Amino acid sequence: VETQEHYKSRWRSIWIMYLTMFLSSVGFSIVIMSVWPYLQKIDPTADASFLGWIIASYSIGQMVASPLFGLWSNYRPRREPLVVSTAISVAANCLYAYVHLPHSHGKYYMLTARALVGFGAGNVAVVRSYIAGATSLTERTSAMANTSACQAVGFILGPVFQTCFTLIGEEGITWKLIHLQLNMYTAPVLFGALLGVLNIILIFAIFREHRVDDMGRQCKSINFEGEESGVLDQDTEGNIDHVAVVAINFLFFVILFVFAVFETIATPLTMDMYSWTRKEAVFYNGIILSVVGIESVIVFMVVKTLSKKTGERAILHGGLLIVLVGFFILLPWGKKLPNIQWQEIKNNSIPTTTSTEMLMPFWSLQEMQLPSNHTVEPVGCPVTQSWCLNTPMIYLAQYISSDILIGLGYPVCNVMSYTLYSKILGPKPQGVYMGWLTASGSGARILGPVFVSQIYTHLGPRWAFSLICGVVVVSLLLLEIVYKRLIAFSVRYGRMQE
C-alpha cells in the first residue's frame, strides 16, 4: 500500500514535470512573433524562405532529440536528461540574445540557436514517460490531460509574454561590460533562460524518481538512485503490441499534421477570401487562435471526466470525426468568387502568397514591408493563383465554424493518443517509445506547412481540404481496424479488467 508520504512526493514530482512541459512550449512561442523583424535587423541578407527554416528548426531539433533523451531516461535516472536538456535550452536562449554580435552570418547563428532550443525541448519524451510510469491506470488520463493543458497554456502565454516585453522597445538598454543588448527581441529569451534555471533548481530540490504499476502499487525502478520502498514489478512479462504502437504513432502524426495545416493556412486563407490586409489578418486570426487555445484548455479539463464514462478509444474516435467535419465545412461551395487582385505585376511589386510565405507563421506576415512605390496594400485573391478565378469563396461563417470544431477535436485527439499509447506500453520502460511519438508530432509540424505551401498555393482550398479530409478518413478506418487492440497492457494479459 502506498504511504501518504510517497503519494505526496510522487505528485510533487509530477507537478515539476507539468512545469517542465509548460516551459518547453513557452520556449517555442515566446519569440515567434519577433523572429522576423529580429532576423531582418541582425542580417539584412535573410529572406522569407530562410525564416521558414528558422521556424522549422525547432521541430527538427526536437524530432532528433526526443528518441535520444527517451533512450537515456530508460537506463539512467531521469534527472540527468531533464537537467541536461533544460541546460541546453538555457544556453541556446543566451546564444539567441547574442546573435547580433557577429558582423556577418547572423542568420545562421539564429538558426543554430532555435535548433538547440528545439533539441532541449526533446525532454517532453522524458516528461511523458515519467508521468506514464508514475501514475496508475485510473490516474493516467487525468495526468496526461493536465500535461497537454500545461503545454497548451505555454503556447498561449508565450506571445503574451512577448507582447509585454515590447514595452522595452527596439533599442532598449545595453550592458557594455558583457556586450548584452536588453531589448524587445532579447528580453523574452533571457526571461525563458531564467525560467529554465529555475526549473533546473526545482528538479534538483523536489523531483524524485517514482514508479507505480497499473494498480497503483509502488515498484522499484531502474531509474532510481539508491534504495526505494516498494516491490519488484512482476507484471512486466509479456510483449508490447507493436501493431497498436505503430497505429497510434500514425494517428498522432495525422492529428498534429492537420493542426499544423490549420495554423498555417489561417492568414493566407483569410487574406485571399475576405480581402483582409496583413494587419487585419494578423489581428483577427490572433484573436481567433487565442480563443481556440482557451477552448482547448477547457476541453483538456472536461475530457478527464468524460473518459471515465466512455473510455479513451471512443473519445479518440469522436475527436477524429469532429476534425473531419471541421475540414469538410471548409470546402468551397456556392457560386460567389473571392475578390481578385487585378493589379499588373511589375518588378515583383505585388505581394503574392508564395510557397516561402506560406511557411511563415501568420504573425510574422505583419512585419513584411511593402515596396515604397505602393501606398495602398493590394488585397484579395492574387491573380497569380489561377484557382482564384474559378473557386468559390469560403464564407466567414464556414471559417469560424471550422475553427470552433477543430479547436474542439484536436485537444481531444491529442490527449487520448498519449493516454492510450502509455497504457498500451504498460510497465515497460517508455522513454524511447515516447521519444518516437514526440518525433512523429515534430515531423508532422514540419511537413504540414510544406503541404500547405504546395497544394493550397497551386491547386487551391478545394484540393487542400479534400486531401486533408481524405487523410482523416484513412485515420478513422485505421482506428476501426485496430480498435480492439488499443487496450492497456495489463488488460491485454488479464491482470486487470477493462
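These residue numbers are counts, starting from 1, taken along the chain as shown.
Cβ coordinates are placed from backbone N, Cα and C, and glycine is handled just like the others.
The annotation domain 'Major facilitator superfamily (MFS) profile' is assigned in TrEMBL to 13-487.
Long-range Cβ contacts of the transmembrane segment (15-38) within its own chain (Cβ-Cβ under 8 Å, at least 6 residues beyond either end) map to 51, 54-55, 58, 82, 86, 89, 93, 96, 110, 114, 117-118, 120-121, 123-124, 127, 130-131, 146-147, 150-159, 161-163, 166, 184-185, 188-189, 191-192, 195-196, 199, 202-203, 206-207, 360-361, 363-364, 367-368. Taken from TrEMBL, the feature transmembrane segment covers 15-38 (among others).
For 50-70 (among others), the entry in TrEMBL reads transmembrane segment. Within the chain carrying the transmembrane segment (50-70), a Cβ under 8 angstroms from the stretch's Cβ atoms is held by residues 28, 32, 35-36, 39, 81, 85, 107, 110-111, 114-126, 129, 356, 359-361, 364, 430-436, 438-439, 442-443, 445-446, 449, all 6 or more beyond its ends.
The transmembrane segment annotation in TrEMBL covers 82-99 (among others).
What TrEMBL lists as transmembrane segment is 111-131 (among others).
Same-chain residues lying 6 or more positions outside the transmembrane segment (152-169) and placing a CB less than 8 Å from one of its CB atoms are 21-34, 182-184, 187-188, 191, 286, 290, 293-294, 296-297, 300, 363, 411. Annotated transmembrane segment per TrEMBL: 152-169 (among others), in sequence order.
Summarising the annotation, TrEMBL assigns transmembrane segment to 189-207 (among others).
Per TrEMBL, transmembrane segment is recorded for 243-262 (among others).
Same-chain residues lying 6 or more positions outside the transmembrane segment (282-303) and placing a CB less than 8 Å from one of its CB atoms are 141, 145-146, 148-149, 152-153, 155-156, 159, 263, 266-267, 270, 276, 315, 362-363, 365-366, 400, 403-404, 406-408, 410-412, 415-416. For 282-303 (among others), the entry in TrEMBL reads transmembrane segment.
The annotation transmembrane segment is assigned in TrEMBL to 315-334 (among others). Note on the transmembrane segment (315-334): residues 251, 255, 258, 303, 306-307, 391-395, 398-399, 401-406, 408-410, 412-413, 416-417, 420, 460-462, 465-466, 468-469, 472-473, 475-476, 479, 483 of its chain, located 6 or more positions outside it, place their CB under 8 angstroms from a CB of the stretch.
Per TrEMBL, the feature transmembrane segment maps to 399-421 (among others).
Proximity of distant same-chain residues to the transmembrane segment (433-457), defined by a Cβ-Cβ separation under 8 Å and at least 6 residues beyond the stretch ends, is recorded for 52, 55-56, 59-60, 62-64, 66-71, 118, 122, 124-126, 128-129, 132, 240, 245, 248-250, 252-261, 263-265, 268-269, 353-356, 358-359, 385, 417-418, 421-422, 425, 463-464, 467. Marked as transmembrane segment by TrEMBL: 433-457 (among others).
Summarising the annotation, TrEMBL assigns transmembrane segment to 463-483 (among others).
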Average the pLDDT scores across the domain 'Major facilitator superfamily (MFS) profile' (13-487) and report the rounded value.
81
Please determine whether the transmembrane segment (189-207) and the transmembrane segment (463-483) are in contact (criterion: at least three Cβ-Cβ distances under 8 Å, sequence separation 6 or more).
no
So are the transmembrane segment (463-483) and the transmembrane segment (111-131) touching or not, going by 3+ C-beta pairs under 8 A with a sequence gap of 6 or more?
no
